[in-house]
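K.L.:
I'd like to ask you about the structure that follows.
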Amino acid sequence: MAAGSCLLLLLLPSLVTALHSPPGCKIRITSKGLDLVKQEGLRFVEQELQNITVSDLHGNEGQFQYNISQVKVTDLQLAFSDLNFQPQQHLVFNINNASISLRFRRQLLYWFFYDIGSINASADGVHIYTVLQLAKDEAGRLKISNMTCNASIARMHAGFSGTLRKVYEFLSTFIVTGMRFLLGQQICPSLEHASLVLLNSLLDTVPVRNYVDEHIGIDYSLLRDPSISTDTLDLDFKGMFFPRVREDQELENHAVEPVIKETERMVYVAFSEYFFDSAMHSYFQAGVLTIELQGEKIPKDLEVLLRATFFGTIFMLSPSVDAPLRLVLQVSAPPRCIIKPSGTSVSVSAFLNISLVPPDRPPVQLSSMAVETKLSAKVFLQGKALRVQLDLRRYGESPMGAWGESPPHPTQNCFLLSRFRIYSKQSALESLALFSLQAPLKTLLQLTIMPIINERTKKGVQIPLPEGMDFTREVVTNHAGFLTVGADLHFSKGLREVIEKYRPVPTAAAYSSSRPAEPSLDPSSL
């Protein structure tokens with residue numbers, strides 16, 4: 001019994017870790033962000049309610065027979081509405097004292113008198129209360145998993161015109177009561193379809209697992225259901241890159257879990273060191289962290305210096321003294337990202353092989369040296385893409401700043417002090433001889449190799465937001481082990497525009513079966 005208890009205590013930490021895997025990426029939407037969503041959502045609800053289809057209403061009262069058809073919503077007034085967070089997984093959308101204006105066609109038969117025309121009606125005191133439950137689906141995508149809805153209409157009145165206006169006013173109780181019932185029955189089904197079908201199709205535009213480039217992909221699947229408080233909605237994403245050659249590869253996350261405490265901006269996105277480490281690990285696994293320079297790609301001054309440094313070795317290779325040089329820089333281990341409040345850096349270990357390449361003969365290695373460097377990293381947003389630009393210089397090293405243009409924008413985190421060191425893998429004596437190459441090789445790395453790396457990664461990786469929603473006024477802030485991007489949001493496309501873009505095209509059969517029948521003008525059909 002005691003042995004079993006000890007075993008359970010030993011296994012408990014691993015069980016807790018398995019149940020709560022730390023996210024590589026975390027997104028917080030605040031009440032300010034929800035207010036913006038409410039404005040766009042209200043326009044969307046208005047459009048949905050305007051498309052309500054109400055069944056024809058027909059009946060008789062004594063010798064009177066009536067038919068109400070072609071009901072159409074002409075105007076909506078949704079002045080009093082609210083959208084709130086409701087712990088633990090819900091959003092509450094509440095509309096009070098709204099009004100809906102209608103227009104429909106009337107047909108009346110009384111003995112041998114037949115009357116047709118239109119009726120304008122208004123439903124007032126409309127109250128709609130909906131609760132949306134948010135959850136993670138099997139694919140790790142955020143979805144509206146359930147919806148509850150209650151709708152009521154306090155009063156409804158109609159205006160009549162035509163030769164039998166008095167008759168219609170007599171029958172208004174039957175007509176208005178029937179229309180009020182039918183309209184009330186259509187509000188919730190319409191909003192349920194809008195939420196569970198249309199809005200979920202919008203959430204389908206959020207990238208979950210997709211390719212970044214020809215070498216790696218990103219997994220943005222949710223780790224768990226969203227966590228909702230009275231002021232915030234938090235989403236924990238896996239935030240793990242993977243090599244396309246081994247898409248099932250998993251990298252364990254031992255990094256610090258991002259913690260978002262701020263609520264001033266509409267949205268916050270946090271990235272841990274694991275997010276960046278998995279990207280570099282994936283590139284390393286894909287075998288693309290190798291750069292080769294040969295011939296004219298090597299700066300002339302550096303070539304002269306290299307030939308002078310290895311003059312003795314080259315002289316012994318006569319008559320191939322004038323053969324071109326080749327430099328191969330190959331990363332020897334996955335680079336590591338270090339995020340501190342003072343800035344972000346990337347530690348890299350690599351091998352630099354210098355060879356002579358005689359024509360029609362095998363290459364001759366002149367030297368193989370180890371390179372250790374700590375690169376400064378600038379993390380910033382461009383649109384919805386998170387980008388990282390690497391540099392060997394620290395900010396303020398050149399008169400125009402490390403970018404050659406101007407100091408970093410306040411929304412971009414600044415540099416950490418860079419480090420660069422080379423040494424021989426063979427002997428300490430050769431390391432001493434290579435000391436004169438350190439500054440020129442650092443310049444080569446900065447002016448020739450760093451632009452190649454930054455060009456490869458300039459596309460960045462998309463942050464998981466729905467299509468049509470973009471960031472504005474971004475601010476990047478560093479913390480111990482993670483960084484956050486605080487921003488406001490705006491809609492570059494309306495919800496309706498995005499939904500219509502991805503709406504399935506209905507078949508002809510489905511269209512004809514769902515289309516309401518045209519009303520008959522023949523009195524005998526009443």
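The backbone N, Cα and C atoms fix where each Cβ goes, and this holds for glycine too.
Grabbed the feature section from TrEMBL, which reads as follows:
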SIGNAL    1-18  signal peptide
DOMAIN    28-246  domain 'Lipid-binding serum glycoprotein N-terminal'
DISULFID  Cys149-Cys188  disulfide bond
DOMAIN    261-487  domain 'Lipid-binding serum glycoprotein C-terminal'
K.L.:
State the count of C-beta atoms found within 10 angstroms of the C-beta of Cys188 (disulfide bond), not counting that atom itself.
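P.N.:
Other Cβ atoms found within 10 Å: 17.
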K.L.:
Can you name the residues of this chain that are 6 or more positions from Cys149 (disulfide bond) yet have a C-beta less than 8 Å from its C-beta?
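P.N.:
Same-chain residues close to Cys149 (disulfide bond) (Cβ under 8 Å, separated by 6 or more) are Ile128, Tyr129, Thr130, Val131, Ile187, Cys188, Leu191, Glu192.
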K.L.:
Could you pull the average pLDDT for the domain 'Lipid-binding serum glycoprotein C-terminal' (261-487)?
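P.N.:
Mean per-residue confidence for the domain 'Lipid-binding serum glycoprotein C-terminal' (261-487): 80 out of 100.
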